[in-house]
Amino acid sequence: MVVDLIRNIRFTRTDVTAVKLYEEYVIAGIGSSLFIYKKDTLEVVTIHHKILDGQKIYGIEFSKDGSKLLIFGDQRITVFKAKENENDLEFVKQIMTDVSDVQGLDLIEYTENTITICIFGKGLEVLTIQLEERQLVQNTSNTSMAPQVTAVTEPVTLGEGPHWDHREQALYFVSIFDRSIHKYVPATKKHTRSVLDDLVGFIVPIEGKPNHFVVGLKRRIAEVIWDGQDGTAKVIRTIAEIDKHNPENRLNDGKADPRGRLFAGTMGYEYEPGKFYHKKGALYRFDPDGKVHTLAENIDISNGLCWDVEEKAFYYADSFEYAIRRYDYDIETGDISNPKFVFNYKDHGLEGIVDGMTIDTEGNLWVANFDGHQVLKIDPKKGKLLQKIRIPALQVTSATFGGPNLDILYVTSACMNRGVEQKPPCGSTFQLSGLGVKGHPNANARFD
């Protein structure tokens, strides 16, 4: 048998789960790797891609012209393109399926640009897969107008702080534990990054200073110059330093208000993944002249941060309150007052915690549900949960509207093994389209 022959050539493992014949090759799925065997030369080439980590490969198919390779794994189908003259694979897209404990699949139809397959196991699903563009589609069979969820970046450890620069038509975000700032340009699908010298909590462009950004570096508010290319960012000054009485604290989230004042918050030292010192954080405001104002103390994890359409309300979350606060907001001074809770996770039976959020032009919040696999649409005036959109990552971290019409929601995520193994596409930034709503342009920070 082909499978026995492959085992005898290179290894004695017995976990071969899928085999496909194609021209002069035999392709086998073993664990989360592909073994490609040249029949004539008995040469075996091992090909692996990070996005397959932890997945059991149970099926392999090719596109009609042979240029695309489809790998069927745990509740997802991953499409790759073989790189010319390289023993490597280029990630094209990934499609989610609701079928679990897959027993098999049948190929139904080929066209030049699509492949239709039937997957069966705990459930049955027929999927027609478009093979051209890079995307991750979550199937939402309950509605014909369901949003489309697309993975647009490679995974990072802890993606956070998405900021859409409307003039550049580019998305900026950070990976906290990777100490890196990132830029993604949808028009070109180019994703660049640059590593800084400490944990980085957020990135916001500085108004009137092209290629200058304010970033949160551990406990410092710093100015960085970056041309958006790989590895070129440089810290040029420290604007402020906070939480000196808690030197292991770090900045976790930050945004500019409509007048360019920077709001940013901290959290206590995380001594193990998911375990940190409680009530050590605070929320601050940094004015353009450099003055620092403490707005809230005894915070577990500072999160949220958005302002309403009328510029009269400020929404904020201390994640382990499992709730969203609303403050009265004074646009002239930047002061906040009269906090009250407008939504509580436990009242709605939600798991996980409140993470980052944004707001649409109708005044509804779009909230990242960390450890909840979803983004929530919430009416803060009525305290009503309007919609839940499943994200193919457990640790959903933040969201912002972007795109030419500000009608695309960009969602960051994390891929941290905190007692439970996480699998890609966790850690990717996702694009949600077809929501039927729009957001506001993100404000840039102002500093003298």
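Cβ from N, Cα, C; glycine included.
Copied over from TrEMBL, here are the features:
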type	residues	note
DOMAIN	158-414	domain 'SMP-30/Gluconolactonase/LRE-like region'
BINDING	Glu160, Asn303, Asp355	divalent metal cation binding site
BINDING	Arg250, Asn252, Glu270	substrate binding site
ACT_SITE	Asp355	active site, proton donor/acceptor
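Asn303 (divalent metal cation binding site) and Glu270 (substrate binding site) have their C-alpha atoms 16 Å apart, to the nearest angstrom.
Spatially, by CA atoms, the binding-site residues Arg250, Asn252, Glu270 include one closest to Asp355 (divalent metal cation binding site), and that is Asn252.
Once Cβ contacts within 10 Å are tallied over all protein chains shown, the binding-site residues Asn252, Asn303 are led by Asn303. Taken together, the residues in the domain 'SMP-30/Gluconolactonase/LRE-like region' (158-414) have a mean pLDDT of 97 on the 0 to 100 scale. According to DSSP, Glu160 (divalent metal cation binding site) is assigned to a strand segment. Taking only the Cα positions, the spacing between Asn252 (substrate binding site) and Glu160 (divalent metal cation binding site) is 8 angstrom. Site extent for substrate: among the recorded binding residues Arg250, Asn252, Glu270, the largest C-alpha separation is 12 Å. For the binding-site residues listed here (Glu160, Glu270, Asp355), the lowest count of other CB atoms within 10 A around the CB belongs to Glu270. According to DSSP, Asp355 (divalent metal cation binding site) sits within a strand segment.
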